[in-house]
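Colleague: This is the structure, below, for whatever I ask next.
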Amino acid sequence: MTVRTEALVAAQGRGLSRWVSGLPMLTILLLTLMASVGETLHSRLLEIGGATWPEYFNLRVLDHVQAPTCNATPDLESAIDKAVKQRQAEMANDPFADVFGGAIDRSEIASSIEAQAAACAAQWQNWEHIQSLDTPAVRAFATFETGLSQGVVLVTGNRRVLLGLMLLFCAAAATLRRQHIALRPVETQRDDLVATVTQLLANGILTFSALLYRQQELAQAEAGMPLAHLFMHDVWVTGFGALTLISAWQLRQTRTDLPAGGRWGRSLLSIPLYSFMCLTAAAQFAWHGFYHGIAVYLNMMAELSALFLSLGLYVWVGMLLARTHLPQKVFALIRPWELPPKWLGVVVLLLTALPTAYSGASGIFILAAGMTLYRELRRAGTSEQLALATTAISGSMGTMLRPCLLVVIVATLNNSVTTDELFAAGARVLLLTAFLYTVYVLFLGGKSTLKVASPRVAIPGMLKALLPLLPYIACFVVVIMAWEFLLGRGLDEFSAPAILPIVMLMILAMERFLLKEHDPEHEAEESAPRGFGPAVMRATDDSTALIGALLMLMALSVSMGGLIERSGLLELFPHDLGSVWLTLALLMGMLVIIGMIMDPYGAVLLVNATLAPIALENGINPLHFWVMTVLAFEMGYLTPPVALNHLLTRQVVGMPTEWESLHGTFWQRNFRYILPVLVMGTALLIVTFTPEASSWAYSFLLGAPAPM
């Protein structure tokens with residue numbers, strides 16, 4: 001067998017594996033997508049039906065409405081006589097009729113019967129009118145509309161189950177592939193042993209907690225208390241039990257692809273973050289006798305199932321983007337300017353802010369385009385540390401731009417701010433952050449020229465590079481216009497989870513069917529995926545483990561938030577400090593600490609329940625507080641010990657390899673961490689304190705009139 005034949009056979013095997021592992025996840029994602037599209041489409045169909053047939057809301061349920069049972073033309077005299085006799089019989093059998101009763105008024109009875117006859121005639125008239133309007137066109141339209149309604153209700157009514165299946169199926173994929181997020185990758189057999197043992201313990205604790213919570217709920221149901229969503233307990237117990245079995249099986253398998261040995265101290269850093277959070281939370285909950293605490297907070301997470309399912313769609317969008325040539329073609333647009341490293345970094349941050357917002361600001365964009373960003377920065381002469389720092393910070397720049405999911409969650413949890421207010425402030429904070437990045441890079445980024453190419457040379461090259469982008473722009477515009485004119489909705493934070501997957505699927509289909517382009521990562525390989533189906537399955541398969549790693553981290557972050565809330569630590573925070581400046585300083589410090597150790601999606605739930613009321617009681621404007629909060633979480637993405645964006649950057653780029661990164665001074669070895677902290681820390685200080693110092697600064701930074 002030749003090398004080429006072996007490569008083709010291996011590629012076919014990988015393709016079959018992707019179909020087997022990715023098909024269930026693709027089903028969940030498509031059901032979620034169809035539910036989002038179906039809700040908008042059904043609303044639009046009701047509008048069209050009501051505008052086309054005035055009685056449509058009666059016609060659509062005509063099959064379920066029976067004809068009136070009353071007599072439209074009764075014999076009034078006979079009916080009156082019958083009613084009078086019935087009344088006389090009742091009075092004869094009533095011993096108190098002489099005391100409380102009175103003479104029978106035949107005229108009142110006659111008026112009542114005549115009114116009933118008139119109402120009956122009106123019912124028959126309305127029935128006959130609706131029957132006359134029932135045409136084959138109405139029936140066909142109503143059949144489609146009601147069928148769609150039933151399908152949408154079926155899916156949306158089971159969003160909890162979809163979220164549970166998505167979390168557990170993807171967590172199983174992440175466990176089998178050993179892709180859970182940790183502070184450092186597994187490099188030795190000892191690292192793998194420590195990581196696997198802690199996952200086994202964590203998954204066993206999750207199973208035990210879910211089982212205890214299920215038994216408690218059943219006991220309460222037997223005592224007469226109402227019980228809702230019992231099936232979710234079965235999902236959690238079965239799913240976490242399966243994860244426990246997977247970890248037990250992995251513990252028996254020695255990884256021969258890793259070198260033996262390793263140091264225990266370094267191995268502890270390979271523990272998945274979700275395992276560390278689970279073990280910590282379980283120990284504290286057990287100390288307080290709240291053994292099923294983790295399961296309780298998992299069910300609280302399910303209350304926001306629609307939002308977390310949207311996160312799965314955003315991850316899928318990011319992985320579909322990675323299967324296209326769009327990132328490379330966007331960079332080809334700015335390449336003719338021959339930007340020096342410092343200016344290129346600024347342009348990269350501004351260009352990536354919007355895609356970051358559209359991917360949910362969860363670091364997905366780094367996985368989708370991080371390697372392209374890093375390569376372009378390095379090609380321009382950027383140092384390794386600065387390129388890593390810029391790639392990591394690019395995943396957080398759009399956290400407050402429309403339609404970022406994190407901002408939607410903030411607005412969903414409380415009524416004190418709106419998404420429009422937060423997004424307006426977010427655009428200004430983005431410009432502030434980009435300006436600060438520019439200043440720090442100019443002074444700290446080392447020596448480099450600031451010259452750019454001549455416009456006479458750059459503009460023709462830029463226009464030439466623009467031509468290949470026109471089909472991509474057309475795909476985006478076609479979907480947006482169709483959504484606007486056919487469904488009556490534009491692109492916003494609520495429609496983005498449904499629109500963006502459709503846009504990316506269209507772009508992927510265009511590349512494979514019309515442009516005949518191959519997978520961007522393997523263009524030179526004979527085994528490169530060439531079809532639309534394999535590309536979609538590759539993106540779905542890549543999404544599966546990533547969604548599992550992120551959702552497990554978020555789920556345990558919610559539990560950690562519940563632990564902090566129940567511990568009473570935040571209650572030690574004085575509710576009235578007497579100084580708004582002291583309040584802002586303490587809140588800022590606590591928000592940064594929370595952002596450093598928790599995923600932002602779980603941290604929002606904690607802050608909304610604990611710190612937000614304190615801020616309002618001390619006179620801090622809600623918009624100011626939540627902008628400060630989201631920016632602190634944005635900084636948390638980039639700050640150790642977790643530094644999620646740096647972990648994701650490491651996953652796509654790899655570990656630093658240059659001499660300065662390995663053996664240089666502390667500043668040289670850690671510049672990729674220091675620069676983002678300086679940029680975000682300075683922005684956070686400005687956003688925290690200057691709005692309170694000046695009404696002009698409040699309006700300038702937050703884009704809203706200063707409160708009186």
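Keep in mind that glycine also has a Cβ here, set from the backbone N, Cα and C atoms.
Unlike curated entries, TrEMBL annotations are predicted automatically.
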Colleague: Which is it, of 108-125, 234-251, that TrEMBL names as transmembrane segment?
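Modeller: In TrEMBL, residues 234-251 carry the label transmembrane segment.
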Colleague: State the non-local partners of the transmembrane segment (302-323) in its own chain: residues 6+ outside its ends, Cβ under 8 Å from one of its Cβ atoms.
Modeller: 28-29, 32-33, 36, 156, 159-160, 162-164, 166, 170, 229, 232, 355, 358-360, 362, 364-365, 367-369, 405, 408-409, 412, 497-498, 500-501, 504-505, 507-508, 519-521, 529, 535-536, 538-540, 542-543, 546-547, 550-551, 554, 601
Colleague: Short question: which residues 6 or more past the ends of the transmembrane segment (193-213) have a Cβ under 8 Å from it?
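Modeller: Sequence-distant neighbours of the transmembrane segment (193-213): 175, 178, 180, 182, 186, 233, 236-237, 240-241, 243-244, 246-248, 250-251, 264, 267-268, 270-272, 274-276, 278-279, 282, 291-296, 298-299.
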Colleague: Counting a contact as 3 or more Cβ pairs under 8 Å, with residues at least 6 apart in sequence, do the transmembrane segment (422-444) and the transmembrane segment (671-690) touch?
Modeller: yes
Colleague: Under 8 angstroms, Cβ to Cβ: which one of 161-181, 545-564, 671-690 has the largest number of such pairs with the transmembrane segment (271-290)?
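Modeller: Ranked by Cβ pairs under 8 Å, first place goes to 545-564.
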Colleague: I need to check the long-range neighbours of the transmembrane segment (545-564): which residues 6 or more away from its ends have a CB within less than 8 Å of a CB in the stretch?
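Modeller: Hits for the transmembrane segment (545-564): 25, 166-167, 169-175, 177, 179-181, 272-274, 277-278, 280-281, 284-285, 293-294, 296-298, 300-301, 308, 311-312, 315, 319, 362, 364, 367, 570, 597-599, 601-603, 605-606, 610.
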